[in-house]
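Below is one structure, written out as C-alpha cells; comments come after it.
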Amino acid sequence: MLEQLLIFTRGGLILWTCKELGNALKGSPIDTLIRSCLLEERSGAASYSYDAPGASYTLKWTFHNELGLVFVAVYQRILHLLYVDELLAMMRREFSEIYDPKRTVYNDFDETFRQLRREAEARAEELKKSKQTDKPVNNKKKQGQVQKAGSDKGSKKSEGSLATDGGDGDKAKGHKLENGHSNGNHVEMEEPRAGVVNGKENTSSNISAFDVSKLQKRTKGGKKTDTVVNKGSKPDPKKKATKKNRVWDDAPPETKLDFTDPVDGNGSGNDNIEVVAANQGESMMDVEEIISSDSEGEVDDNVQKDSKPEAKKKGWFSFMFQSIAGKANLEKEDLEPALKALKDGLMTKNVAEEIAEKLCESVAASLEGKKLASFTRVSSTVQAAMEDALVRILTPRRSIDILRDVHAAKEQRKPYVVVFVGVNGVGKSTNLAKVAYWLLQHNVSVMMAACDTFRSGAVEQLRTHARRLQIPIFEKGYEKDPAIVAKEAIQEATRNGSDVVLVDTAGRMQDNEPLMRALSKLIYLNNPDLVLFVGEALVGNDAVDQLSKFNQKLADLSTSPTPRLIDGILLTKFDTIDDKVGAALSMVYISGAPVMFVGCGQSYTDLKKLNVKSIVKTLLK
C-alpha cells in the first residue's frame with residue numbers, strides 16, 4: 001500500500017498530494033531524497049531506500065523536464081508494489097494536460113488519480129496471474145538436473161511462494177543454487193515447504209559435485225606430484241649460505257638497532273636534533289588561484305564528431321530548419337551520442353567508470369523531454385547540463401572554514417581535534433605537517449599526536465616535522481593502543497591550552513578488519529571534531545572502493561548508535577596528475593564529503609583549496 005504520493009515543482013512548491021494516503025511518515029524521506037539524491041545528481045537511479053526508526057521506505061520518482069515537475073511515491077520497503085512505475089508514468093501524462101503555471105491547487109485531480117490507480121493495480125494483478133501460470137513450466141526447464149520435486153503439492157507451494165514474491169523468484173533461485181552448490185560442495189538445507197526428498201537431492205548434488213575419491217586414486221597412482229612436493233621441501237645442499245655480519249676482535253658486542261629516543265611520562269621526547277627554520281613563506285591555502293578563461297568556449301571534439309554524421313544523414317535543409325525552429329522534445333536516442341562521448345571523456349580524466357555512468361544517467365534523466373532551444377546543438381546542451389551537475393556535486397554543502405570552527409572550540413575551552421585516516425603510503429604524516437604549518441601562520445597553537453604505533457619510523461617522522469615547525473608532540477612509542485594515546489594527547493592539550501590537536505594514525509587497507517576496528521575505537525572514544533580521509537589523486541576506480549569501504553567499516557564496527565563517518569577529504573599528490581583530476585569527483589560523489597585540502601608538492605607551503613571551477617573545466621576539456 002502506498003504511504004504517500006505527491007507532485008511538486010523543481011522549485012519546491014507542492015501542487016498536489018493524495019488526501020486518501022494521509023499517513024504520517026516517520027522521519028523525512030522526501031526531504032532526504034531531494035537533498036541526497038536529486039540535488040546530488042543521483043536521479044538516474046531506479047529507487048531510493050530510506051531507513052527511519054521503526055520504518056523503512058522505498059521512494060520512486062519520475063520527472064516532467066519540460067514543465068519542471070517531480071512525481072514521488074513512497075511505500076513500505078517490505079511491500080513489492082509492481083504498479084508504482086506505471087502509475088507514476090500515467091500520472092505524469094494526465095497531470096501535464098491540466099497543468100497551468102499560474103495554478104497552485106489541483107483538487108480536481110483526485111478523481112483522475114483514483115481511476116489511474118485502479119487501472120494500474122488491475123494491470124499488476126493480471127501480470128501477477130500470468131507469471132503464476134507460466135512459472136511451473138519454466139521452473140521445470142531451469143531446474144532440470146538440479147533438483148526433483150517430491151510431490152505435486154509441494155512443488156505448487158514452492159512455485160506459489162516464488163510467484164507471490166513480487167518478481168523476486170529468480171533471486172531466490174540464485175540464492176538456493178549459491179548456497180547448495182557453490183565450489184562443488186553440497187550443503188544440506190532443510191526446506192519442508194519445497195517438498196524435496198533428501199535422497200533425491202543428494203543424488204543430484206553428487207552428479208554435479210566434484211568426485212574427490214577419483215582425485216585421491218589418481219594422486220596415489222601417479223607419484224609425480226608427490227616427488228615434486230618432496231623435492232621442493234628438501235633443503236638444497238648447493239644453496240648459498242646467507243652472509244653474516246663480520247665481527248672484529250676489538251669490537252663491542254652488538255646492540256639492538258633501536259633509534260627511538262627515550263620518552264618521559266608526559267609523552268614528550270628529548271630535543272637532541274638541531275631545529276631547522278621552517279618559515280618557508282605564505283601557504284598556498286591563503287593565495288587566490290587565478291583561472292585562465294581560454295577554454296571557456298571550448299566544446300568536446302568527440303561530441304562534435306558524433307553530431308556531424310547525424311547532420312549529414314538528415315540533410316542540410318532539415319538540419320538548418322531544426323536548428324532555427326528548435327527540436328520539439330529531446331529523447332533518449334538524441335542524447336546517447338553526446339552522453340557516450342562525455343562518459344569516455346570523464347573516464348580518460350580518471351573518473352571511476354561507475355561514477356561516470358551514474359552521472360550520465362542523471363543528466364539524461366534531467367534532459368529527457370525538454371525542448372531544445374533554437375540555434376543550439378544537443379552536444380552543447382548536454383555539456384552545459386553536465387557542467388552544472390559537476391559544479392553542484394563538487395561545491396561543499398556545508399561550511400569548511402576550519403579556522404572559524406577552531407575559534408568556536410577555543411571559546412568553549414577545549415581543543416579542536418582532527419584525525420587523519422587513509423590507506424598506506426598516501427602521505428598522511430606529511431600533509432598533517434602542512435596543515436600544522438598553515439594553522440601556525442594564523443596564530444593557532446598546534447600539538448601533534450603520534451598515534452601511528454604500528455609502522456616503524458612513524459613516530460620519528462612526526463617528531464622531525466614537530467621539531468622543524470617548533471610545535472609540541474605527544475608520543476608514547478610503539479605497540480600502544482592508539483585510542484588511549486589520542487585520549488591522553490587531548491587531555492595534555494587541554495592542560496597546556498593548545499588550540500588544535502592533529503592526530504596521526506597508521507595507514508590501513510580498507511579490508512583489514514583488525515586495524516579498521518582499532519580506528520573505529522579511536523574515533524568513538526575521542527569523538528574528534530573532524531575526520532579527514534587522506535587519499536591520492538592518482539587512484540581511479542579504487543577511490544570508490546576505498547571510501548565506500550572505509551565508511552562502511554566505520555559504521556559497522558562502531559558501538560555507537562550514530563557512528564561517525566568521514567567528514568572531509570585531503571587529496572594528495574595533486575601535482576603529479578596533469579589533467580587526470582577525476583579522483584576528486586569520484587571521492588566526493590561516493591562519500592558526499594567535501595575536498596577540504598589539496599596537497600600539491602613537498603614543502604610545507606604546498607597545500608591549497610580545491611578550485612571547483614578549475615576542476616570542472618579540466619574534466620570537460
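Cβ atoms here come from the backbone N, Cα and C positions, even for glycine.
For reference, TrEMBL has these:
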REGION    124-270  region 'Disordered'
COMPBIAS  124-134  compositional bias 'Basic and acidic residues'
COMPBIAS  150-159  compositional bias 'Basic and acidic residues'
COMPBIAS  168-179  compositional bias 'Basic and acidic residues'
COMPBIAS  246-259  compositional bias 'Basic and acidic residues'
DOMAIN    594-607  domain 'SRP54-type proteins GTP-binding'
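Sequence-distant contacts of the domain 'SRP54-type proteins GTP-binding' (594-607) (same chain, six or more residues past either end, CB-CB distance under 8 Å): 278, 280-285, 394, 396-398, 400, 402, 427, 430-431, 433-435, 437-438, 469, 532, 537, 568-575, 584, 587-588. With helix defined as DSSP H, G or I and strand as E or B, the domain 'SRP54-type proteins GTP-binding' (594-607) counts 0 helix, 6 strand, 8 coil. DSSP assignment over the compositional bias 'Basic and acidic residues' (124-134) gives 11 helix, 0 strand, 0 coil.
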